[in-house]
Amino acid sequence: MDSPCWLLLLLLGAFAIIGCVQAQDQQEFISLDCGLPMTEPSSYTESVTGLRFSSDAEFIQTGESGKIQASMENDYLKPYTRLRYFPEERRNCYSLSVDKNRKYLIRARFIYGNYDGRNSNPIFELHLGPNLWATIDLQKFVNGTMEEILHTPTSNSLNVCLVKTGTTTPLISALELRPLGNNSYLTDGSLNLFVRIYLNKTDGFLRYPDDIYDRRWHNYFMVDDWTQIFTTLEVTNDNNYEPPKKALAAAATPSNASAPLTISWPPDNPGDQYYLYSHFSEIQDLQTNDTREFDILWDGAVVEEGFIPPKLGVTTIHNLSPVTCKGENCIYQLIKTSRSTLPSLLNALEIYTVIQFPRSETNENDVVAVKNIEAAYKLSRIRWQGDPCVPQKYAWDGLNCSNNTDVSKPPRVLSLNLSSSGLTGIIAAAIQNLTHLEKLDLSNNTLTGVVPEFLAQMKSLVIINLSGNNLSGPLPQGLRREGLELLVQGNPRLCLSGSCTEKNSKKKFPVVIVASVASVAIIVAVLVIIFVLSKKKSSTVGALQPPLSMPMVHDNSPEPSIETKKRRFTYSEVIKMTNNFQRVVGEGGFGVVCHGTINGSEQVAVKVLSQSSSQGYKHFKAEVDLLLRVHHTNLVSLVGYCDERDHLALIYEFLPKGDLRQHLSGKSGGSFINWGNRLRIALEAALGLEYLHSGCTPPIVHRDIKTTNILLDEQLKAKLADFGLSRSFPIGGETHISTVVAGTPGYLDPEYYQTTRLGEKSDVYSFGIVLLEIITNQPVIDQSRSKSHISQWVGFELTRGDITKIMDPNLNGDYESRSVWRVLELAMSCANPSSVNRPNMSQVANELKECLVSENLRENMNMDSQNSLKVSMSFDTELFPRAR
């Protein structure tokens, strides 16, 4: 009686495994439901294909959401019922992160569906980077159209653009990217899909999961001319192209055994060049004396002679160079040889046309530099989409580029004009990466800090306009060179012609005298204050003494010594909110952290300065000053403070789940955190750190990044804490400052330790160690290991290529290995001994975002158990060759 139950369990297990495999297979897919509002769930699983679609909102700045008419919705799958339309700009571009030099299948779908009620089907252009890909004519293809291309990007960013060419409004329904194996479809250029068919008269349309690359296969069969054969045995499809097994399980042979199998079609354009990929498998059980051998011909010429299909395997035959059609029709034939006893056979066929993309994209380094400048100044320019320089009529505002007569040569940025753009902060360091820049105009903004030395090193510059800002300090000597026009008027604090040195030398003697007198006065004042305080304390009997206090030598006036708009609490209020410091939730060199409540409901953490803390007031002051000027969802927020003579306390939001370390270790009742949540926590901590480095002026280095300083709220949202060691950079463009070494052993940047030169990359190193802790759940330093430091131990284990020895065993293998490898590589890159080889926090955050998206897809696919439905869908663009 138990057999049916066991059978059911086995079936469920099998389905779970299949679902898991499918989820992993589409980890690197990009499937965008264009126009899906962010107010709805931002991703979902399409029930027919099992593909995971997400909103396109984060990949494009422009456009509005639309939906096809309700009466048409049942005719299309869910991802194609919405659309994004573009009523404003002439060119609107998606920007997608891809792997440079990796081949992709790129597919775009367009369905008008009378979304606007105007019955006005649009015509517009589709561009890939700066080149025309296709003209989209929805007046001709009223039910929708699709464009599909095989393309190898030459940079890590891919722009897909919709360009308005008339009075109608461009739109897009879905955008899909599928990475392919680099050993398939080896051609010099890109390939535009003409048709992809498998020869079967009964089965229908195939795509993912039958095809692991999500290629679309239409069944095609000429009933009057062909005979179908099929097999129920499994066909091996393990060549570089991996056509679907279902497509190989059937084949067509000529009904007349002596006749050729012929497929012909008229070319769209007389000069079209074709690549054909024919997939063959012998699926018939041949008798002892049976032979199947045939020649493959193109327009009457033999391209493959005496071919014998492999038994239940697959061979893909393709032309090595593009071919054209000689007459009105292109003719593809399979003719059996005189030795063959059986007719020719064909299982599946792909036909592509060569598409030329003659215009090169802008130099990749220039593109990265301009985007970094855009990020540094938080610019939001609608026209800054797609390629910055080409086509020239769509070039970004404020940029002038080299106008090469040779369009195959990448353009370079020659001029950058950001005048009157509301810029604040320092002159962005990314400008120096525009190595061909001739003209720079940053005039009429509110830039501060010094004029950076790197401008003097940019030898191609002939004009620099910095007028109308708040720059200060001396000009670099290199900017006084002949041939350079430098405009700096309207910067009253800027020192010209050595005036800074002269002014300082004139004031040197008076300053020394004043400083000496002031020093004596301060010493006398301090002695008097100490004497008064000691007399006051000796006369106080029975006064309540706090458990942790320290006499401070600072202003005893009623006004606080720390300027703040946050709430100032009295010491008696601190005692009340902590119930006389009853519940201690943490402690360190500064003192203790106590739990408290305000108004009986709002929970807070109260950091109280310890009497034994030698650097206490300095670090306390630093933390308060920093928390007053930073505001980010992934940084602990300040509630208030107490600065009442010798009583100092900092009150900030209470995070009830404690720190990350205790959850990884399982100590103090910390709950287990799965791999997906670990990735999310790492990303949130990275975003907080990125804000300190890039979102603050001047930038801030935390100096003590570690798992115990990453706190978690009720939903396990991560926030960085403990800013007592943090340092701000001088406003100027320096990347390092010299300082006394401080931090936690094991997390401390070895380069910073040796040179005392602190930089943002010092935090990156510490964050890399945190990532290794998140991955391994191992102590940072463990003398019992052969390699005591965690980075050395992981590096040693990586040489063996087995991540199971590195991963936290508590995860029980519940993770996607590719995302783990990416995070491991990222962690080791962050922990590189040399700071120049480490990424910045923006790069770290972006990489973690991609890893988290992959992991979320895996988890969501594992949870999906929706039944599949068969939905028929047709596009007017599907081209079917006719056979004879």
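Backbone N, Cα and C define each Cβ position, glycine as well.
In Swiss-Prot, the feature N-linked glycosylation site is attached to one residue out of Asn319, Asn403, namely Asn403. For the residues Asn444, Asn840, Swiss-Prot attaches the annotation N-linked glycosylation site to Asn444, which does not rule out the feature elsewhere. Separation of the C-alpha atoms of Tyr752 (phosphotyrosine) and Asn470 (N-linked glycosylation site): 32 Å, rounded to the nearest whole number. Counting only same-chain residues at least 6 apart in sequence, those with a Cβ under 8 Å from the Cβ of Asn256 (N-linked glycosylation site) are Pro343. When the C-alpha distances from Asn433 (N-linked glycosylation site) to the recorded positions Asn417, Asn444, Asn470, Tyr652, Thr744 are tabulated, the minimum falls on Asn417. DSSP classifies Asn403 (N-linked glycosylation site) as coil under the three-state reduction.
Mean predicted confidence for the topological domain 'Cytoplasmic' (532-884): the pLDDT average there is 76. Its own atom aside, the Cβ of Asn433 (N-linked glycosylation site) has 18 Cβ atoms within 10 angstroms in the protein chains shown.
Put simply, Thr570 (phosphothreonine) is 15 Å from Tyr652 (phosphotyrosine) when counted between their Cα atoms. Calculated from their C-alpha atoms, the gap between Asn200 (N-linked glycosylation site) and Asn400 (N-linked glycosylation site) amounts to 56 Å.
Nearest Cα neighbour of Asn465 (N-linked glycosylation site) among the listed recorded positions (Asn400, Asn417, Thr744): Asn417. Here Asn143 (N-linked glycosylation site) is compared against the recorded positions Asn289, Asn400, Thr744, and the shortest C-alpha distance is to Asn400.
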